[in-house]
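Structure record follows, encoded as structure tokens.
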């Protein structure tokens, strides 16, 4: 598992790519080993995921009868949703790249998107923590969450522009493929697994 210093190094590369600085590629390991290691980003995201799960538990229980509680199965199902949200967009991105004979760019896409997920996950976790501990700020946090979603689109699009320089159509298509499926899949799976607040 990459240590804190190594993750900092990768995130510095991500920041440079968002700023459209090609030096960012030097900070990222785009080899096959680097692609595999980039999935350790999931484990670095576990703390903010835990916050979001606690917030979701609270929202779920508010719609249930009094004295209702949830067990380990509830969190297991939330984990399934998180896993689907992480992997399904990457699978769709890979299929799109294969269809357009750009498969050699799949590695850089995986590495960049995986490591970008770390800071995005922590920002999301902090916003949900505000709602969890200060529910009176829910209006402000809703606005901040909207701004966060726009920033996420901006960051992904900028990184993809660096990977697919001069290919605006591919950048737009991949940005949609990486974002839209997870938005649609989340609610569907939550309802299917019975963990959606009614």
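Numbers here mean position along the shown chain, with the first residue as 1.
In case you wondered, yes, glycine gets a Cβ from its N, Cα and C as well.
Under the heading transmembrane segment, TrEMBL lists 38-56, 76-100, 112-134, 140-157, 169-189.
Annotation: stretch 76-100 has the most Cβ pairs under 8 Å to the transmembrane segment (169-189), among 38-56, 76-100, 112-134, 140-157.
The transmembrane segment (38-56) is in contact with the transmembrane segment (112-134), judged by 3+ CB-CB distances under 8 Å for residue pairs 6 or more apart in sequence.
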